Every structure is written in structure tokens, then in C-alpha cells.
């Protein structure tokens with residue numbers, strides 16, 4: 001079974017590109033990473049930084065998560081990310097996403113030993 005840490009990597013890590021220059025990036029990646037199976041995941045963020053840099057966020061600024069838990073961490077610096085948002089008229093199985101390239105701080109929930117990201121909470 002896929003661990004929470006592995007799921008985070010599948011859903012949120014794309015270290016192979018510095019940015020998502022293509023407007024079809026989200027449509028391709030959401031499908032490739034199995035987030036359009038059975039339904040269209042409405043919102044997802046990909047991080048274009050090294051896995052080591054994203055793991056390091058777990059030792060940066062401790063902040064509250066959206067759900068009230070206290071195991072979220074905010075990156076010190078802005079990271080290259082891509083926001084994928086399902087377009088209003090898109091219906092499964094034709095998941096059609098808006099691709100937005102951003103540089104923002106990220107907030108992730110971390111747990112385990114090693115202490116690694118298991119949930120993408122927000123970008124700010």
C-alpha cells in the first residue's frame with residue numbers, strides 16, 4: 001500500500017521541471033499521477049523543487065494546519081509551484097485544469113520518522 005509520504009510525492013512533487021511552461025501541464029500531470037481516476041481532483045499543487053528542499057520545510061516554521069492540527073510547517077522562502085484548478089465546466093472523465101505558475105511559500109503537514117511531508121496544506 002502507498003504510504004502517506006509516497007502519496008505526497010506522487011501528488012505534489014515534480015522536481016524534473018523548474019516551472020510548468022505548458023498550459024496543458026496540469027491536464028497531463030493530473031492524469032499521469034492518477035488524480036483523475038473515478039473523479040477529477042478539484043485542486044492540486046505541484047512543487048518544482050528538490051525533494052530534499054521540500055523535506056527541509058519540516059524543520060522550518062511551525063504553523064497551525066487548516067484543520068487545526070499543529071504539525072504544519074511553512075517554508076522560509078518562496079518555492080516554484082504550479083496550481084492546478086479544475087475549470088468550472090469540466091466534468092469527469094474530461095478533467096480540464098487551469099494551470100498557474102506561482103512562486104509562493106508552502107505549508108505542509110509532516111509526520112513520521114524520518115519526519116517528512118505527508119499533506120500539502122496551503123501556499124501563501
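For all residues, glycine too, the Cβ spot is worked out from N, Cα and C.
Small disclaimer: the values here were computed from a predicted structure and weren't measured.
In Swiss-Prot this protein carries:
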BINDING   7, 10, 41, 42, 43, 44, 45, 66, 85  substrate binding site
ACT_SITE  12  active site, proton acceptor
DISULFID  26-84  disulfide bond
CARBOHYD  34  N-linked glycosylation site
DISULFID  40-95  disulfide bond
DISULFID  58-110  disulfide bond
DISULFID  65-72  disulfide bond
ACT_SITE  119  active site, proton donor
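Across 7, 10, 41, 42, 43, 44, 45, 66, 85, which the record gives as binding substrate, the greatest C-alpha separation is 22 Å. Every protein chain shown contributes to the tally, and the Cβ of residue 65 (disulfide bond) ends up with 16 other Cβ atoms within 10 Å.
Under the DSSP three-state reduction, residue 40 (disulfide bond) is assigned to coil, being neither helix nor strand. Checked against residue 45 (substrate binding site) by C-alpha proximity, the recorded positions 26, 34, 72, 84 yield 84 as the nearest. With respect to residue 84 (disulfide bond), the closest of these recorded positions in Cα terms is 41, chosen from 7, 41, 119. According to its DSSP assignment, residue 72 (disulfide bond) is in a strand.
In sequence order, 62, 63, 64, 65, 107, 108, 109, 110, 121 make up the list of same-chain residues 6 or more apart from residue 72 (disulfide bond) whose Cβ falls under 8 Å from its Cβ. Using a 10 Å Cα-Cα cut-off around residue 41 (substrate binding site), the recorded positions 58, 95, 119 reduce to 95.
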